[in-house]
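Asker: Quick one: the structure is below, questions incoming.
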Amino acid sequence: MNWDDESTNPTRVVGPAADGEDRAVEAALRPKDLGEFVGQERVRTQLDLVLKAARARGATADHVLLSGAPGLGKTTLSMIIAAEMGAPIRITSGPAIQHAGDLAAILSSLAEGEVLFLDEIHRMSRPAEEMLYMAMEDFRVDVVVGKGPGATAIPLELPPFTLVGATTRAGLLPPPLRDRFGFTGHMEFYSPAELERVIHRSARLLEVDIADQGAAEIAGRSRGTPRIANRLLRRVRDYAQVRADGVITREVAARALEVYEVDARGLDRLDRAVLTALLTLFGGGPVGLSTLAVAVGEERETVEEVAEPFLVREGLLARTPRGRVATPAAWAHLGLTPPTASGQPGLFAE
Ligand SMILES: Nc1ncnc2c1ncn2[C@@H]1O[C@H](COP(=O)(O)OP(=O)(O)O)[C@@H](O)[C@H]1O
Ligand SMILES: [Mg+2]
């Protein structure tokens, strides 16, 4: 089961990918310009310079690559880039471009100065990627007409445009593609204080009454991710309406998130199941991934790709050559005491 894919799991309230409801409300919650965009000081400052300079020259902005985990604001920034340049935006994604022809059709219909947003750019097909190199560098594509030996390539001039690529996996981009971006912005996880600002802003737009302490409580459980913060805010608002007087206080937020099984650190049921098994069944490890997965009744991939990245980032779990190991913080978080005698290390390792 893929816990971050809404088609198989509609319920993971701390999943970073957008579900149907997210998509519907995100449009309303998106900051419209750089001034409204919370946090990411470095990327914001750099991008501001790139855009201001291009505007002053009366030129189209350089191509921009945005890399970072899901839900950190890449799509939002791409729309802001278009808005700041006063340009229209065309939105597509790597997986939507199967053939080079698909890309040629999009490129040849761009208006001068238009922003082309290519989400999940690392998932584009090889031939399309090669066509993109030339389009980015020379604003030109070769359109192949006909098939077999009679096929001819007709060069086509493109108007200058700005490509904004987004990727969760910058490391997967071939260097020739990466090198053709004039500017790369690395998006980072947000601090709790920044998430509080995101939550206050969203609460205002959703007309939800929230206390500072309530926003802080939600921010601390949002895993550094605005998308999750906005989603938790909506769930807490539901609770506040049904079980309280509609106002989100610290207490209301904490009780609501207990109902949704999101703990004080933002761990959900799956995360806690993995940690609990590691601590109580295997004495804190080391234990092999497969064994751990069987113990929690999940697929290896689910444990490795869905639960572990956040546990590692939080310093609760370490991946070692001998297997998964709990850190002292993991014992403390679950309120358990580590065993004093050092059991039989390696027994469960693969
Ligand atoms: N810096 C930010 N300030 C305010 N809201 C943000 C910020 N970054 C993201 N968001 C909100 O989080 C949600 C997800 O952002 P999005 O741009 O779709 O993320 P990504 O494309 O990186 O997955 C949107 O609703 C957006 O409004
Ligand atoms: Mg996006």
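Cβ coordinates come from backbone N, Cα and C, glycine included.
Sharing the feature lines straight out of TrEMBL:
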REGION    1-20  region 'Disordered'
REGION    10-190  region 'Large ATPase domain (RuvB-L)'
BINDING   L29, R30, G71, K74, T75, T76, E137, D138, F139, R180, Y190, R227  ATP binding site
DOMAIN    60-193  domain 'AAA+ ATPase'
BINDING   T75  Mg(2+) binding site
REGION    191-261  region 'Small ATPAse domain (RuvB-S)'
REGION    264-350  region 'Head domain (RuvB-H)'
BINDING   R300, R319, R324  DNA binding site
Asker: Looking only at R300, R319, R324, the residues listed as binding DNA, what is the longest Cα to Cα distance in Å?
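Answerer: Across R300, R319, R324, the widest Cα separation comes out at 14 Å.
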Asker: Please identify, among the binding-site residues L29, G71, E137, Y190, the one with the smallest Cα-Cα distance to R300 (DNA binding site).
Answerer: G71
Asker: Please name the residue among the binding-site residues R300, R319, R324 whose C-beta has the most neighbouring C-beta atoms within 10 angstroms.
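Answerer: Most Cβ neighbours within 10 Å: R324.
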Asker: So which of the binding-site residues T75, Y190, R324 sit close to ligand 2, that is, with a CB under 6 Å from an atom of it?
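Answerer: Among the binding-site residues listed, those whose Cβ sits under 6 Å from ligand 2 are T75.
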Asker: Which binding-site residues from the set L29, G71, T75, E137, F139, R324 have a C-beta atom lying less than 6 Å away from ligand 1?
Answerer: L29, G71, T75
Asker: Over the region 'Head domain (RuvB-H)' (264-350), work out the mean pLDDT and round it to an integer.
Answerer: 89
Asker: For the recorded DNA site, whose residues are R300, R319, R324, find every other residue on that chain with a C-beta no more than 8 angstroms from the centre of their C-beta atoms, and list them by sequence position.
Answerer: G288, L289, L292, V303, E304, E308, G323
Asker: Under 8 Å between C-beta atoms and at least six apart in sequence, can you list the same-chain neighbours of F139 (ATP binding site), or say none if there are none?
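Answerer: When sequence neighbours closer than 6 are ignored, F139 (ATP binding site) has E157, L158, P159, P160, F161 within Cβ distance under 8 Å.
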Asker: In Å, rounded, how far does the Cα of G71 (ATP binding site) sit from the Cα of R319 (DNA binding site)?
Answerer: 25
